[in-house]
Amino acid sequence: WIMGYMVNAIYQIDEFVNLGANSIETDVSFDDNANPEYTYHGIPCDCGRSCLKWENYNDFLKGLRSATTPGNSKYQSKLILVVFDLKTGSLYDNQASEAGKKLAKNLLKHYWNNGNNGGRAYIVLSIPDLNHYPLIKGFTDTLKQEGHPELLEKVGYDFSGNDAIGDVAKAYKKAGVSGHVWQSDGITNCLLRGLSRVKDAVANRDSGKGYINKVYYWTVDKRATTRDALDAGVDGVMTNYPDVIADVMNEAAYKNKVRLATYEDSPWVTFKK
């Protein structure tokens, strides 16, 4: 999965997919009442990027729905996975469940079209704080209450705070999650970060006993870093330059080892070598 980073304006969906991304990451900010409000990152953000692009969240969802609904004039068949980077740092811990409920209602209405031929992309809810694990139950309970438990097949989870793997496992246990887990690791492209925790996550994924199904690394903009990440065995790389990742994947060392994921590749099933 080549994951386009910080895609917060509708026009950027096409821009990143046309550069080679089959997945995008979008920031979601919340208002004081835990309503998802804007697709907005803010300052500071990755070096070389404008941090200030935004849409109203519901408008972005409608644009995303168009891009991921077969038959729509804006349809992009390659776009199969969307990571919502939930900026819950602005919320009190006791608002996490409420944020999950509201997120579910927004997605159901504006993205899934109330279960009637909505967008088809898989969705990852990425949460920065382990203490906000109740967001997951708020989300899953709401989809069930609204009569659409089947849509949970399209939803996965990520805790993005670079916490110890054991602590993340405990948070999922509390949230009642087993499966559909992506594990992120990384840091802004302005700084360097080693791959030791990525390797721990890959080992957990491949052990058959861990909680992780897929691993992604961010933010990967350079060819050398891309090679290191692929060599470490990640499933996804989040990038500002999808074309750089695509180029590296076409190099002799990789072109017979890795390929771009398609809609038929489940993002929840651990790839067995």
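Indices start at 1 and increase along the chain as displayed.
A Cβ is built for glycine as well, from the same backbone N, Cα and C atoms used for every other residue.
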- Query: To which of Asp85, Asp93, Asp129 does Swiss-Prot also attribute binding of Mg(2+) at the site defined by Glu25, Asp27?
  - Reply: Asp85
- Message: Need the cross-check against Swiss-Prot: the disulphide partner of Cys190, picked from Cys47, Cys51.
- Response: Cys47
- Message: Between C-alpha atoms, which of these recorded positions comes nearest to Cys45 (disulfide bond): Asp27, Asp85, Cys190?
- Response: Cys190
- Query: Rounded to a whole number, how many Å is the Cα of Cys47 (disulfide bond) away from the Cα of Asp27 (Mg(2+) binding site)?
  - Reply: 17
- Around the Mg(2+) site (Glu25, Asp27, Asp85), what further same-chain residues have their C-beta within 8 angstroms of the site's C-beta centre? Tyr5, Met6, Val7, Asn8, Thr26, Val28, His41, Val83, Phe84, Lys87, Ser126
- Query: Among the disulfide-bonded residues Cys45, Cys47, Cys51, Cys190, which residue has the largest number of other Cβ atoms within 10 Å of its own Cβ?
  - Reply: Cys45
- Message: Considering Cα atoms only, can you say which of Glu25, Asp27, His41, Asp85, Cys190 is the nearest neighbour of Cys51 (disulfide bond) among these recorded positions?
- Response: His41
